[in-house]
């Protein structure tokens, strides 16, 4: 008896030291939760047992010392086998599970000790009690563990009783006896109800277990033999009477410990993103996890779990992931399973009549689409055909047939460099914008344009002309197509597809000679020296000489004046505007036409005879020479009195 009291004092002292350590360990601040992808370097399994956070193996892989797991090499199993141990309580781990919606605390199953009496040769005749070491003291201050109500005290043996004790007194116990009157079959099939086996439930209000004591109640200890007692989960408790030697040989019993993780610290709880819940409140299927208050052993705490439809670890950021209910067995039957966040839905299966309706709808939609596309195609075809017919009519009206006739008459000597489309010229001149106008004359308006290849051109859009004046336009085209002289503006091409005919010339950047002689402005900064005036006169004379003598057919300009003399970038003279020009054959000395030209530059004999000759162009050139020398206009009100 004295030995028993001494042992109890030793247990109390050991428990006091352990309690002080727990108090110190519990004062540390709760660290922030790790990310679900941040602990990939941590080993999360040992000996086939999954080790989820807050448990962990190795530094920085567990929450605190209570959750540290040590992966040791087994001494009893095969070579190289590892087994997990909870460091603080020095117990081998069987499995660990996280809280869920059904059970608000986590569960860890450990291997607990088996207390025996009379099961070895050394103690087979002993009459004293035997007590297990206090290694089930898992519920001290700061400990997250507690014995769940799924455990019970089991004793197997004859003439003995088992007592479970805590730091204060005995908590509970049970007693078994053996009767020789029962047959062997009755013993094997009997339940653990007092005959050779007894068990007792553990009250949750007294959870601090120090050890299990076995005492002999029989006067003949040697006859009763081996007895064992242990704590175990009810699932592992013996359903039928089993020989105590089997439990003694096994050396352990599976004990269920509940564990909680106090997340009342908002610094830890908020990053989890879990919804705060109260008991029996509802949550959305989009809420992956929930946290709620619970109460145990005089202390309230908050615990988290993955909601229904999600799985994973609620103590990790983004640790709860959606369960795809459609992958495995589902309750949709013949319907189609559609996975959704936290749940799933069953869509009705499309039957054959419904398929026919869908196919019919698709065909109708396709038919309508093809009909609309056909209408659009027909509209584009008609529009294109109309444009082609309109362009042909414009070509015919603008003298296209007359131009072809002229080409045949000239034996193919006309070399048209390019035929422009109306679309191309509209783009080049911004649809003949007024901002692009370079000048206007008796024959039309000239626009500045830029072709697609970047070349700057002058686009002359003729005024609306009747069929009687169409010959003048074609005449200008034919004449300029024959001319190839550096002092005559070159025709680049024409367009007859527009409402009015269009000619495209090379662009002459410095305007006409009239402005240089008579208009004083900041832009006219070029000095018209005598050398320049002489050079311009020579260049004009050369151009007239070419037209009168060197061209394949002699050409009379009939409107030589300073406004028709353009200046290029080097201020070289370029004769332009051939709208009133005429070509003559060798047998024809003159043409009788309407009066053409500009007053002040016209030959007086032309008024009397109406016969225009090369001398008429020379007379107009003489007026230009006087204009170059004197700087005076041919007609001036200042000279009327003189």
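Heads up, the Cβ atoms here are built off N, Cα and C, so glycines get one too.
Listed in Swiss-Prot for this protein:
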- 559: active site, proton acceptor (ACT_SITE)
- 291-304: disulfide bond (DISULFID)
- 326-337: disulfide bond (DISULFID)
- 332-346: disulfide bond (DISULFID)
- 432-642: domain 'Protein kinase' (DOMAIN)
- 37: N-linked glycosylation site (CARBOHYD)
- 72: N-linked glycosylation site (CARBOHYD)
- 95: N-linked glycosylation site (CARBOHYD)
- 137: N-linked glycosylation site (CARBOHYD)
- 216: N-linked glycosylation site (CARBOHYD)
- 240: N-linked glycosylation site (CARBOHYD)
- 276: N-linked glycosylation site (CARBOHYD)
- 505: phosphotyrosine (MOD_RES)
- 606: phosphotyrosine (MOD_RES)
- 289-346: region 'Atypical EGF-like' (REGION)
- 1-28: signal peptide (SIGNAL)
- 379-642: topological domain 'Cytoplasmic' (TOPO_DOM)
- 358-378: transmembrane segment (TRANSMEM)
Among 276, 304, 332, 505, these being the recorded positions, pick the one whose CA is nearest to that of the residue listed as 'active site, proton acceptor'.
505
Got a sec? Which of these disulfide-bonded residues, 304, 337, has the most Cβ atoms within 10 Å?
304
At the level of the C-alpha atoms, what whole-angstrom distance separates residue 95 (N-linked glycosylation site) and residue 276 (N-linked glycosylation site)?
28
Is it possible to get the count of other C-beta atoms within 10 angstroms of the C-beta of the residue listed as 'active site, proton acceptor'?
23
Spacing of the two Cα atoms, residue 216 (N-linked glycosylation site) and residue 72 (N-linked glycosylation site), in whole angstrom, works out to 38
Among the recorded positions 72, 304, 326, 505, 606, whose Cα is within 10 A of the Cα of residue 332 (disulfide bond)?
326
Spatial neighbours of residue 304 (disulfide bond) among the recorded positions 72, 276, 337, 606, defined as Cα within 10 A: which are they?
276
Rounded to a whole number, how many Å is the Cα of residue 276 (N-linked glycosylation site) away from the Cα of residue 606 (phosphotyrosine)?
111
Residue 72 (N-linked glycosylation site) falls, by DSSP collapsed to helix, strand or coil, into strand
For residue 346 (disulfide bond), the close recorded positions (Cα within 10 Å) drawn from 72, 291, 337, 505, 606 turn out to be 337
